[in-house]
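Per TrEMBL, the feature domain 'Carrier' maps to A:47-123.
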Amino acid sequence: MLRSIFRTVTPVVSTFRTASSSLAGRRICTRFVTPVRLYSSESVDKNEITTRVIDVIKAFDKTAASKEVSPQTAFHKDLGLDSLDTVELLVAIEEEFDIEIPDKVADELKSVGETVEYIASNPEAH
Amino acid sequence: MGPLQSEALHAYKAVIKAMVRSNKKSKIALRLGEKKQEIAVLTYKRMNVVREMNVKNIDVLRKSRLVRDLQSLNRKVETLKNSDPSRDRKLHFIEDSGSIKKEFLSHALNERNIIHFKDVASFLTNQREYDELIERYNPGTKLSQEEIVKRTAERVGLNVPFQ
């Protein structure tokens, strides 16, 4: 049965070959094809991280919504979050960027700026 | 902050994270359902407006109002269709964390309870992973009835009649 399939296939291949060779004779297109690397995007840049972090903070209903959030904003002093709320916020940020912030690092993060720094230094963030 | 407190904080974090992750999927499914329903309602309203517009000898003023209604309905449907519930940042939080926090604060500051909280967290995590694996190894258990009928028909080379 396989042989019968091959037998039917061969003529198609030969016609294709002649078609392509006639194309090659005219030399179309080849010059315009430049290789493009389709990698997934590189780690996100800092401004974008900042805006996304701020968006997450704004979605958190325990923060004072009217407050302006900037990179200098501290979680405890400016947003009025206690340590448990801060933990909750950090979990949300982890989810947003799909990363794991180790507990020791997370204990040291006290402001928006520090968090952004950490995410920018993490190659897995996206 | 003492070592006990930071331990407590880590336990709290683990619980919160486990809860957020295990809620996320069902929340997204719920939102998608709601979105579908809302679109259906809006489409129905739109149909009614169009029907009213087609009535003969209609007042000009009324007609212009109907046109405006139609436009706003169209816009609403468009924005709904373009919204993606899984991108909503509210999904990263648990809705009512106040009660968990209260519970935690009243119990957490001794070693035994901290271990207990960690156990809760790992139970939630493992339960979620178990469910995911069950689903992955038994594809088709979560399909809707329509989908099952459609696939069964396709398996024998038929199509479900168009509704």
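Quick reminder: no glycine exception, Cβ is built from N, Cα and C everywhere.
Automatic, uncurated: that is what TrEMBL annotation is.
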Segment confidence, the domain 'Carrier' (A:47-123), expressed as mean pLDDT: 86
Residue distribution over DSSP helix, strand and coil in the domain 'Carrier' (A:47-123): 44 helix, 2 strand, 31 coil
